[in-house]
Amino acid sequence: MDMNRGQLCNDRITLAAISAFALFCSTIVLLIDPESFERFLGSLHPLLAFLAASFLAFFCYGFFLKRGWLVVIRPVPARLIGVLVGLAVLFAAMAIAVDVITPFPEEMNVAFPVSLFYYPAMAFLAETVFHLVPLVVLLLLLGRMSGDGRWIWPALLLAAMIEPAFQVVIAAPENADLSLRDIWVGFHVLAINLVLVILLNRFGFLVAYSFRVGYYLLWHVAWGFLRIQVLF
């Protein structure tokens, strides 16, 4: 599948805009609450992490766009937007229900209003680290980077399993058995990731990123603020 120059230009501009937005959000967080990144980034400087993620995102799409496989931006039918909003609400509602029944740790989320900037930034990092980079690696390992793209779907499905595994590992205490809630988290995050890789393949990075941000705003930001008042 060949791409015209207009599509390539739009893809690069859109990816640059998303990267700039993530860098802007991460900078705001650093100015307000620099310690909030330590949970996932440790001693790595956040700006260095996001600059590296931006470079990796462009590197990955350099492979994808050259072969006409995955795009950054593609029009979404109006009727599908409502479906995606409904899915994000459903996923968030399921997580909230579990949180009410068996509460997650009080300090699970970054506090509001820092969360308004933290989670859009982390959404970019997550999409790059859990999907874009693994896709390139998987396709290279499968030896089909220059082929006809028949390995795209197997690679997408494998990439969808990485974040759930990561979430289960960090959710379970060290040397402790997995609880039913930990197992549920794994399947819940897997379901979200399956939606994300479908969106990534069908409509591009912008739509997948937007879906993740929408879910984060509902679960981590809105409910993250309310749960402190309701559950603790």
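Even glycines carry a Cβ here, placed using N, Cα and C.
Beyond the transmembrane segment (12-32), the same-chain residues lying 6 or more positions past its ends with a Cβ under 8 Å from any Cβ of the stretch are 46-47, 50-51, 53-54, 57-58, 61, 72-73, 114, 117-118, 120-121, 123-125, 205-206, 209. Taken from TrEMBL, the feature transmembrane segment covers 12-32 (among others).
The annotation transmembrane segment is assigned in TrEMBL to 44-64 (among others).
The transmembrane segment annotation in TrEMBL covers 76-97 (among others).
Only residues 6 or more beyond the boundaries of the transmembrane segment (117-142), in the same chain, are considered here, and those with a CB under 8 A from a CB of the stretch are 18-19, 21-23, 25-26, 28-29, 32-33, 36-37, 40, 49-50, 53, 56-57, 59-61, 63-64, 70, 110, 151-152, 154-156, 158-160, 162-163, 166, 193, 196-197, 200, 205, 208-209, 212-213, 216-217, 220-221. TrEMBL lists 117-142 (among others) with the feature transmembrane segment.
Annotated transmembrane segment per TrEMBL: 151-171 (among others), in sequence order.
Panel annotation: around the transmembrane segment (183-201), residues 70, 84, 87, 91, 94-95, 98, 127, 130-131, 152-153, 156-157, 159-165, 167-168, 171, 207-208, 211-212, 215 of the same chain, lying at least six beyond its termini, place a Cβ under 8 Å from a Cβ of the stretch. The feature transmembrane segment is assigned by TrEMBL to 183-201 (among others).
Feature annotation from TrEMBL assigns transmembrane segment to 213-230 (among others). Non-local neighbours of the transmembrane segment (213-230) in the same chain are 84-85, 88-89, 91-92, 95-96, 99-100, 103, 106, 108-112, 115-116, 119-120, 122-123, 192; each lies 6+ residues outside the stretch with a CB under 8 Å from one of its CB atoms.
Residues 188, 191-192, 195, 199, 203, 207, 211, 214-215, 218-219, 223, 227 of the same chain lie 6+ residues outside the transmembrane segment (76-97) yet bring a C-beta within less than 8 angstroms of a C-beta in it.
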